[in-house]
Every structure is written in structure tokens, then in C-alpha cells.
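Here's the structure, in C-alpha cells; my notes come after.
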Amino acid sequence: MSTTPLLHLQHLQKNFGHFRALKGVTFDVYPGEVFGFIGPNGAGKSTTIRILLGLIRASGGTATLFGRPVWQDSVQIHQRLAYVSGDVYLWPNLTGGEIIDLLLRMNDQAHTTQTDTLIHQFGLDPTKKARTYSKGNRQKVALIAALSQEADFYIFDEPTSGLDPLNERLFQAAVLALKKRGKAVLLSSHILSEVERMCDRIGIIREGQIIETGSLAAMRHLTRTTVAVTLGDDFDVTTLPGLHAVTPGHAAREWQFSVDADSLATTMTTLAEHHIAALQSTPPTLEDLFMHYYAKE
Amino acid sequence: MSQYHKTGLLLRLNCRRDRWRIVIWIVVLAALMASVAAKFDGIYGTPHEIEAIRQTLASPGIVAMFGAFHFTGRVTTAEIFANEMLLFMALIQVIMNLTLSIHATRSDEDQGVTELIRAHTVGALAPLAAAMGELVIINGGLSVLYGLGLQLAHMPGATTSGNWLIGLGLGTTGLLFGTVGVLTAQLADHAASATGLAYALFGISYLARMITDVQHPQSTWWSPLGWIEKLSPYQHPNWTPVGLSLLLTFVILGCAVFANAHRDLGSGALTTRPGRRTASPLLRGPLSLIWRQQRNIFIGWLLGITLFGVAYGTVFNTIGNILKTNPTMQQVFGRAMVHDANHQILLNFTSLLAIVMASVAVIPGLQLVLKLHTDETHGWLEALYARPLSRSRLLVSYVSSALGLSTVAYIGGLAGVIVTGNASLDHVQDGISTAEFWQTIAAQLPMIWVFLALGVGLVGWAPRIKALSWGYLALGFIAVYMGGLLQLPTWVQRLAPTGWMPRVPVHAVNWTTFSWMVALSVLVLFLGWLGYHRRDLQLR
């Protein structure tokens, strides 16, 4: 991984009148990585992305892409950037095919065989007027235009919310291919399994602030592992320190609990002394992490 | 469950949603009518004043603009009022109805609101019935306000039955064209084409009325817009037009209901065909994108306004022939004087028509300028601005297209008038010379540019109130168009750019005014650019 980030955000702020939409967003995205940007509705994901695109102006902080300020140099930056918005609105009386070509040409690029392959793979009818497309088909138009564009930084804002599972897979494969070629991807998504599968690092935003960034593995250390255990004797698990939500199981000597990452080792050592008959441990999913941070007031 | 289930609920919802539109339209229209009526005795009170204006109103040029009315015996103030105001008010009321009816039907459907509503226990025809209900309430309300306003104004010669006949006549005409909007909303497959279709029908009715009025007033009965001229409210009140309007309203409504029942939600009788698989090589930037999106609208406007001009041109020979209204003139003054007089009439007619053409030509350009913000709120610009495209380039693309469109539309419209008009004349020397034509063009172009620049200024600094530019254009047009007949004070006529230039070709172009109006447009354009360059985009 290169040490100079492509995207650099430092204490980014945005006020809409008296409403503070972004209170301080700081994170970096490096070449060759997929950065997952997650958070509840209204947390400031789209606002952040729109600042990156130069559509709205930050009230404070710095934001640079390829080392250039995003507001002043948006035109130069956009030569090397591809973007798919969450709600895709297309000119109603143009066909999908026309829109794809137009968007490519505006980046001085052309319709290639790659474009045709993508149109075929996603199963888009490019001769239909955009007015008649469903949400999923509108998203396909934007995705095909972005994926067949040669760029260094890709921004996807909830790109798969209207796609069927087959097309979702196609999208994920395409993003992993971009990553292999050393491109940087900023992926904002609600589909946590998708983020879990694809992202190298994750930033969680809540109420206009980044509350956690890091790899999924590192984040897992910050939360609890769920454990179900069947012991060989009548040891009372509730006496152990560092456990939470301890409940007896259906059968005797069966327990369920969750354990903090730093108490996991001592817990396991103690349990081993009581003849573990069966053990099932579930690492926290991104959903658990998400809930953990979101619920924490 | 009936086809009309929950119509009442939808009607209340519509009225609540549109309450500000409705209130503004009703208040402005009722106040316009009542205030003119209240002032009228002061303008045309004495027999001398009435006689003078009666002759003016009988001249074919004014007939072409305000309709053919028949006067017999002693003419009263109220009759002059009806002559000047009826057709004019009807035009505004039709525009209001078309705007509201398509907004309440096809626009909702385009935005998916109708789909959301129809998923509940709502009858298939309830949205259409609710839209009709809204139109009935608005036109009914206006009828009552017109009637009351006229009663209160108490013009000499006004009668109670005449006052209410005017109210109901305008109300039913409005309702009739509102229903036309409801019908075109069923035929077209989106709001923009429904509006285009409805305005085309409105335009045909208007031109039919204009040509028949000038040449053969009896035939005006064939145009639904001409019925308003046949009310004769203060002479021989004639309720036939009201009945005819209502009858035709029911027929059109029947067609709309039939069309609604025989189509799928979201589609129309005129369906969208599949288009190109790949883009034409010419489609490669914002300017070509505007052309690709709007070309039908551009061509429609240019053809429409030129035809509008041609239609006006066909009445030149009737208007510019003073001997038709004053057969003894040639014996008294001689041939040369007659030609001079004819030329003078045509100059006068052209000067008023130039303002009409220029004001109409502002409309497509202003729509395009304001579309820059509409497109922004529709989210269409987000994909563009994610490309290497600067704000300035997109703004310049929209604004230069708008300036070009309005300029060409105005030149085309006036050329239609003058070319056809001169060709129709018995004596070519009575007509408008080439120099006079270009003077007239030069006189109105700065006004067009100032209005468009104002639109750019609003888009740059205060896009939320951009609709005010329509109000200002309407004010400017009414102040000048009605200014002479209503004897409005000079300051009122100069409130808007329409009144800043002297009447050309009657007078010469004032090049000083021309220069500072052009400078003003450049300045406001620059300010608009500055604002647009700096502000946040307003996205969904």
C-alpha cells in the first residue's frame, strides 16, 4: 500500500443554515484499497461525497483528491474520477445507450468493447428511453458508464440498492477487479454483507462525525465475540469476570454469553479447565459492529 | 367499490397541496378584473371619451388583438369595458387552467404520486375526478368573485345579469380549456408533451378566432375561444356561449374518462418509441445535450411563433386599408394621404404586435434558463458535474441556447408577420419596409435579453423564487399591452423592460436606451454567473 493517500479529508465540516450536517469528518483513502463508508440514514455520507465532487462547498476543514482541493480544482480532479450516485436521475427522453456514451465522452473516453460487455452482462436494454427505466435499470446505466470509464478513483454511493442479487454479484466482481488494478474505491453502502466482503478498511459515520475507522479485523477487537459452550462439569459461568448477557442454554451445563476481546484469552483458559464438550464462537459481524456503534449514545 | 371511490379525499389533498398556487391565481385575476372595472368610469366616462374609444375598438388592428364586438345605439362605459377585457381575461384564465390541470394530472403521474395513491382503496377514475373537481372549484370561485367585483365596481351601463354573465362566461371558458388539459394529459405520455399538445390546441383556437374576427365575425362561433366575445353582456345578454362551453366541457371530459379507462397508468395513447442504441457522434457535451433533449421543443416554438406571425400577417390587408372603415377618405384627402394613413396604421399595429411577439419569444428562453435550476433539483446535473465540466461551461451552454432561441424566435415571429403581411397588401408601399423591420427587431431584443438575464440572476442567487420572473414578464406585458386602452400612468408602463423603449416602428429606436439595456443585461448575466459559480447545488 502506498503511503500517500489519494483522498485526504481533515476535519471536514458543513453547515446548512444552523444545521451542522458534518461536524468533523477525517479519513484517507489509498490507492489499491476499497474503503467502506457506512452509517445510518442522514449521518452525512452523501453530504461528504457531494463535497468531494465539488457540488457543495465545505464550511470548514480540508478535502483533497489527488492532492488538489476538491472545490477549486473539481474539473481537473474529475478527469480521473468516476462516480455513481445513490439516486440516479437520468434525462427522461434520452436512451440508456445515449446516456452511457455521452457520460463517457464528457470524460474524453469512448464506448469500448468493455462497455458492450458490461451492457450485455448487466442485461440492460440500451434502446429504451430513460423515462421507462426502473430504479435498478437507471442504476445499471450509471454503473456501466462508471465501470467502463478509465479512472483512478471511483466513488459509489449506495450503488446496488435497486439491483437484483445477480447484478449485485457482477458489481462486486467488477469492484474487486478495479482493486486488483490498483484503483481506489470509496463505497458507501447499507448492505453490510457487501461491505464486509469487499472493503479493506471501513469508516463509520454518525451524526456528521467519523466515529471509527480501520480494518474490519481491527474493529472486531473492539467488540465482543458471542460464545455458546457446553461444559463437562457444573461450573457456574456467571462467576467469570468480563462476560456479558450470560444465559443458561436449553440443556444442563450449556451456556451462552458474549465476551470482550481483551477477556477472551483468560475466559478460554478457565473454561478449558472445566472440560469443554462443545464450543461455538461467532466473531462479531459488521452488523453487530454497526449496531454497537450506532446504539452507543 | 366505485370507480370514483375517495375522490373527495383526493380533492381535499389537491386543494391543500396547490393552495398557494390557487390563492395567488385567484387573487391576482379577481383583483385585476375588479380594479380595472372600478377605475373604468374615470377612463371612459363621458360620451366623448366613449365615442373616441369606440372608433378605436372598431379598427381591424384592435379587433385582431381584442376581438370583434358589436355596438349599437348609445354605447355605455360597461360595454367598452367588456370589449377591452373579456378576451384578454379569458386568455389569462386559459393559461391558468392549463397550468393547473396538467399539474394535477400528468405531473403527479410522472412523479409516481398517482401510483402511490392508486395502491390504496382509491377508484381508478378518482385522481381524474379530483383534478376536475379542483378546476370546478377554482373557476367557480373566480366566476363568483368576478360577478361580485363587477357588482361592486358599479360601472355606468352595467347590469346585474351582465356582470354575472361575464363571471360565468369566463369561468366556463376556463373550465373548458382546463378539461382540454385533462384530456391531453391522458393522450400524451408525460407532462411536457401534454402541455405542448394543450397549448397547440389553445393556439389554434386563438388564431381561428383572430382571423375570423377580422374577416368574418360570424365564423368566430367556430372557435371555442371566440364564444367569450359573443356574450354581449350589457346589450343583449346571451347565455348560449356559457351553455356551449359547458356542453363541450362534458364531451371532452367524456373523451378523457374514456382514454383514462383504456390506458395503463404511466403511459399514454402517444407512446414513447425505442431509440438509439448508441449516441450520435454529435452528442458529446452540454450544448449538444441541451439540443438533444430540447430539440422538439425548440422546433415547436420556432414553428409555432412563426405560424402565429404568419396568421397575424394575413390580416394586414384588412387592417391597413383605411378605406374599408372610412370609404370617403380618398375623396376628401386624396390618394397619397390614404397611403400615408394606411402605412401609419400598419406601423402602429406592428409596434404593438412586436411587443406581443417579443414577450412570447421570451417564454422558451426563460424556461430554458430556469431549467438550469429545475434540472439541478431533479438530480440530472449530478451526473454531469461528476465529469470534468465546470459550472461556467454548463451555465454558458444553457444561457447561450436560451438567448439564441428567444432571439431567433422573435425574429422568426416578426418576419412571419411582415413577410405575409406585406405580401397580402394591395399596395406594397403601404407596408413595412425592410429598414422598419430591422428597427423593430432592434427595439425589442434588449428587452428579451434583460428578462433572460434576470432569470440567470435568480438562478444564481435566489433560485427558490425564480418563478417571480414569470410574474414580472406578465406584469411587463400587461402594462404595455393594456396600458394604452386602460390609460395606465407612465410609471406603471415603465415598471418592466417592455416599457423602456419607445414604440418602434412608430418612433425610431432610441440607441441610448438600447445601449444601456444591453449593458444592464450583460451586468445581470455576469452577476448571475458569479452567484451560480459560488453557491451549493441543490440536489435531492
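Placement of Cβ uses the backbone N, Cα and C atoms for every residue, glycine included.
Summarising the annotation, TrEMBL assigns transmembrane segment to B:20-40 (among others). Here the transmembrane segment (B:20-40) has Cβ contacts under 8 Å with residues 77-78, 80-81, 85, 89, 92-93, 96, 100, 103, 134, 138, 141-142, 145-146, 149-150, 152-153, 155, 478, 486 of the same chain, all six or more residues outside its ends.
Long-range contacts of the transmembrane segment (B:85-104) within the same chain: residues 14, 18, 21-22, 25, 29, 32-33, 36-37, 66-67, 130-131, 134-135, 138-139, 142, 166, 169-170, 173-175, 177-182, 184-185, 191, 194-195, 198-199, 202, 206, 209, 225, 228-229, 231, 481-482, each at least 6 residues beyond the stretch ends and with a Cβ under 8 Å from a Cβ of the stretch. Marked as transmembrane segment by TrEMBL: B:85-104 (among others).
Annotation source TrEMBL lists transmembrane segment at B:124-150 (among others).
Within the same chain, residues 78, 82, 86, 89-90, 93-94, 96-98, 100-102, 105, 128, 131-132, 135-136, 138-140, 142-147, 150-151, 194-195, 198, 201-202, 224-225, 227-228, 231, 233-234, 237-239, 241-242, 245-246, 248-249, 252-253, 255-256, 259 sit at least 6 positions outside the transmembrane segment (B:162-183) and bring their C-beta atoms closer than 8 Å to a C-beta of that stretch. The transmembrane segment annotation in TrEMBL covers B:162-183 (among others).
If you look at the transmembrane segment (B:239-259), the same-chain residues 6 or more away from its ends with a CB under 8 A from one of its CBs are 125, 128, 132, 165, 168-169, 172-173, 175-176, 179-180, 182-183, 185-187, 224, 227-228, 230-231, 269. Under the heading transmembrane segment, TrEMBL lists B:239-259 (among others).
Residues or ranges marked as transmembrane segment in TrEMBL: B:297-319 (among others).
Same-chain residues lying 6+ beyond the ends of the transmembrane segment (B:345-370) with a Cβ under 8 Å from its Cβ atoms: 59, 61, 64-65, 290, 294, 297-298, 301, 305, 308-309, 312, 316, 319-320, 322, 398-399, 401-403, 405-407, 409-410, 413-414, 417-418, 421, 430-432, 436, 440, 443-445, 447-448, 451-452, 455-456, 458-459, 466, 469-470, 473, 476-477, 480-481, 498, 503-506. Taken from TrEMBL, the feature transmembrane segment applies to B:345-370 (among others).
Residues or ranges marked as transmembrane segment by TrEMBL: B:395-421 (among others).
Annotated transmembrane segment per TrEMBL: B:441-462 (among others), in sequence order.
Look at TrEMBL and you will find B:469-488 (among others) tagged as transmembrane segment.
What TrEMBL records for B:508-532 (among others) is transmembrane segment. Among residues of the same chain six or more beyond the transmembrane segment (B:508-532), those with a C-beta under 8 A of the stretch's C-beta atoms are 372, 391-392, 395, 399, 439, 442-443, 446-447, 449-450, 452-454, 456-461, 497, 500-502.
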Top Cβ-contact partner of the transmembrane segment (B:441-462) among B:124-150, B:297-319, B:395-421, B:469-488 (pairs under 8 Å):
B:395-421
